[in-house]
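*Asks:* This is the structure, below, for whatever I ask next.
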Amino acid sequence: MTIPRKSLSWLTVAISILLPLAAAAAAAPGCSCGFYDDTTGDLYTESLITYFNETSDLSDFVIEEFEHRSEKAWNGGWRQGAVVENVQSNYTIWNSNVTNGTTLGLFCDPSTKLHLVNGGSVRSRRRDIQYGTFRSLMRSPQEGTGGSSLSMRVQFNETESIEINAMNTQTYANAWVSTLMQNEWPDRKLGVNYTILGNSSIANGTAWPFDFMEFRFDWTDKEVRYYIGQNNSRTVTKKKHHAIPMTPAPLYFRHWSTGNTYSMEGPPYWRNVANIGWARMFFNSSEMTADAHDEFDSRCTVTDACSVNDMSLRETSEYTVAATKKFKHKTVSTGRRWAAIWISVISISFTSFLLLHAIIKKAPWKRFSQSHDQSSGISSPAPLYGSSEASVIESTSTTPFNQTRPSSPTKKSADASFRRSEWTPSASGASTPLPRYQSREYLPSTSRRFEEDAICPIPPPTLPSVNPDVTAYPASPPRNAVAYVDGQVIPEYALSDTARNSSRTLVPLPATPVSMMKEPWSPRDKENSLVKPKSREDPTIQETNEQPIKSTTNAVATETKKAPIEQRQRVDYLAGLVALCSIFVTLIHFHLTYIPAVVIPGSPVHYQSEVWARKIISPFIMNQMWLGVFFTTSTRFLSARYFREGNLIVIAERAVKRTPRLLIPVTAIVMLEYFFIDVGATKYLEYLPSVTWSTWAYVSKFPSPGHFISEILELIYLIPNAVPQITFNYCTGVLWTIAVQLQGSWLVLLGAVVVREIKTPWKRFGYYWFCVLNNWYARNWGSFFWLGLMLTDLDVTYKWRKWLYRRPLAYYPLMCFCAGMVGVGFTMNLLPNWISYNFTVEENGIHPDQETGQPIKNTPRFAYPNYYEPRFNMLLFAVGMQAIVELSTFVQKLLSFKLLVLVFPHIFTIYLIHGFVFWSWGSWLCIFLAHRAMAYWAMMLIVGLTSYAIIFLSLPIITPIIEILGRDITLQVWKFASEKPAPKRATLFPYNKYELGMVEAKSDVHTHRKEEEHAHKHEEGHREHDEKGSLPLEA
């Protein structure tokens, strides 16, 4: 049979068309040559395709069941769980616009009392998925059901993950889809809001976001691409991101919630559901060997592969058992690095030897035992007052409350001046809490240097105990006097007649012989004080003042020889007050981190006792009112000496030394924390909210060293009220108080200069109250500093304690008034726990709003003030407490508790390091115990005790370092600023280059003239160096 040519040509064309189709049809069922994406050019060897409306078979997936002990989420206070009952196949959707049929339903339950949210989760059996395109038709949780998330994710661990999350949140306006990888922060710019997805004007169109939408991400070794509704919403390249996930991992579909306030919100109000219509995944396998790759390349081409866009495919690749096992990285053993090991061993050995040698040489235990023996068992000459009888001290100045001008400060004895000059006092005041260096300035423990800066309740004088001659200094009737019985201050009016008329009444030795005394503060003295103060190191004057005072009888002299010397002039009650405040501040931070319900109303409660603690204990201890005491007391250390002396060099010294004294130790500790945070010391802090239910704790490392420098400098120039950026890069963020202290310091120093020139009392105190009211109305911390300055002025200039001790009718009403101020401050914190009215909120509404100028009550910002803003009840408490402590001997005795006094030198260290200990050691230990299913109360007990133990054990190590960095360097700064440097000397001094033959010799006349000039300069230089001058204020 002959076939016509025309028919043969048609047959040839038909065969040429049908043969490729037949080959494709033959390859399609198996797709043994892989799957090709013609839009991206990617080829994959494996597939996993499931249409849940066609089958209820989940054999390619594993239904998960678990309960996490903790979650990694800064703002999530709930833990994830999953139960089998929350995964339902053949779940029917009737109101869908995309598909009407069965789907895979994943449910999420409301939270349990233990903050556990059980959801539904399925995982692919295969764990060898490495690179691919992952596509799914998903329906997010519905609107109005509470926040939860439906996620499609490939995840090996926290840093090797790629995910798309569809989150409904609490409201439709906040609902969004996030596209994240490698544990990124859920920033809104890394996703798309539902309001945008529902916009029909988008070019290729999108579906309703609460209905089924296609979500997809493509993962290659060079980039990751995210698609939402066929729109490429984000692309991450390895070139820009520097890292792309590369570890084989399984694929997850999970409906879950942690209540993260920055992403999904929630958890759900009631049981809600999210759905999956189908899942289509094309990927490569990490189990494919090199030989298998070669065989595949030799057998297949791109044209032989199936298309990933072919929706008719139902192919699921076969796999072995090895593909279901978790991938393990192969560790390459490089052997031990002996060079590094030996260098470390040698360095550690030398360091240990040097430290041990220094400790043995210093022998601090010997000095401690000697000082203990001297203070307790050594008998030595003593003052002329006994420990069991009242001793009355005559006041050398009148009380100026009935005067129109304050009395001028009396001239200091040369002896006191000499002792002051032995060591320059620190100029800085109190930080929050007060650093140790202020004990150097007003609380010396073993000497009386800087006694003019001391804040003391008229301390008993320590006089030489030789046979005194009372005829040289006859006694006079006591006036403005107090007595000391067993170390306590007793007003003169409270003494018995016997004690008041005792022959042992002390009359103070004149500080300077009458022949050497001048009229205090004459114009010439004032002029000299501003330019060139007299030297304080005149041994002749010192010897002149060391005159013995003789007693009336030998019996008295014999008795006083047996009494011990009063070793300490330190005001222990002030040390105890500041130490107590610092401990309370650490307790506040501990409870904010671990037991928030004790401090923050409305916080989740572990035990009902936390509610009662907030209502009864927290208003008195766990509140910021104790913070105000630091600010009021700091003014005394800055201004007391100037009020007493009126010398501007005091202001200059404080101004120069204030900033470096605070900032140098702070910078050192911030740098140390920078290092520890960078190496992961606070890693477990991010897991803490899911266990403690507190989202208060947060810290991150500095983005760069430049940010570190910038944020340290910001502390110097930041004007409160504002939060410095370093708050988020330092544990507990307490450094905002440094800015308050520094800005307050300039106010105090300038205010002291102005106030001292106002001589009339009513004008003086009227100026105080004018400044206080203005600062209060402006919501400025300056009101605390002005009131602290006023208390200092009352004590130093007006001697108010002497005046009040003699007048019980004024003393006791004033004490009641101050106690009422403290009580009102406490009441304002106490009442909101029992009634709905909150005075602090209403008082905050009075102040002007910085943005609009209107009262805050008329703005949207009408609410409880921020933690860095002053409050009226805090002001009342701080001033009332400070006054009570200054005036009440009973309170002083309570605050002189030995343990508090021992803590005082370390309060700056506690202030700087307590947050880091809580957030590093404490967070790790809390998570460690939580994974052991320990009771929460036992966890908190162990975490609290061990954290405070670490803090106190580290104090002897860290405090000396802080003192060296702050005190010693600051002294050098002041010395460099105040003292004229030594004259410059030639390198060959005292020789010249002519004598050494370094140049040709000149004429004898020329040489002689040069030698005379050199000798003259030498003498002038020595003379200038030996002369002591003050600051060059003449300029």
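Residue 1 is the first one shown; counting continues down the chain.
For all residues, glycine too, the Cβ spot is worked out from N, Cα and C.
Remember, TrEMBL labels are computer predictions, not curated facts.
Sharing the record's features from TrEMBL:
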SIGNAL    1-27  signal peptide
DOMAIN    99-266  domain 'GH16'
TRANSMEM  338-360  transmembrane segment
COMPBIAS  393-411  compositional bias 'Polar residues'
REGION    393-439  region 'Disordered'
COMPBIAS  412-422  compositional bias 'Basic and acidic residues'
REGION    516-547  region 'Disordered'
COMPBIAS  521-539  compositional bias 'Basic and acidic residues'
TRANSMEM  571-596  transmembrane segment
TRANSMEM  616-638  transmembrane segment
TRANSMEM  659-677  transmembrane segment
TRANSMEM  734-755  transmembrane segment
TRANSMEM  809-831  transmembrane segment
TRANSMEM  899-922  transmembrane segment
TRANSMEM  934-958  transmembrane segment
COMPBIAS  1007-1029  compositional bias 'Basic and acidic residues'
REGION    1007-1035  region 'Disordered'
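A description of the local structural setting of each listed feature is requested, covering burial, neighbours and distances.
*Replies:* Counting residues 6+ beyond its ends, the transmembrane segment (734-755) has Cβ neighbours under 8 Å at 428-432, 585, 589, 627, 630-631, 634-635, 638-639, 642-643, 648, 651, 654-655, 658-659, 662-663, 666, 670, 714-716, 718-720, 722-724, 726-727, 764, 767-768, 771, 781-782, 784-786, 788-789, 793, 868, 911-912, 915 in the same chain.
Long-range contacts of the transmembrane segment (809-831) within the same chain, counting only residues at least 6 positions beyond its ends with a Cβ under 8 Å from a Cβ of the stretch, are 491, 615, 618-620, 623, 625, 803, 837-840, 872-874, 876-877, 879-881, 883-884, 887-888.
For the transmembrane segment (934-958), the residues of the chain that approach it from at least six positions outside its boundaries are 586, 590, 594-595, 606-607, 906, 909-910, 913-914, 917-918, 921-922, 925-926, judged by C-beta separation under 8 angstroms.
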*Asks:* At a C-beta cut-off of under 8 Å, are there same-chain residues at least 6 beyond the transmembrane segment (899-922) that contact it? List them, or none.
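*Replies:* Cβ under 8 Å, 6 or more out: 431-437, 439, 443, 570, 572, 575-576, 578-580, 582-583, 585-586, 589-590, 593-594, 665-666, 669, 673, 676, 681-682, 685, 697, 699, 730-734, 943, 946-947, 950-951, 954-955, 958-959, 962, 966.
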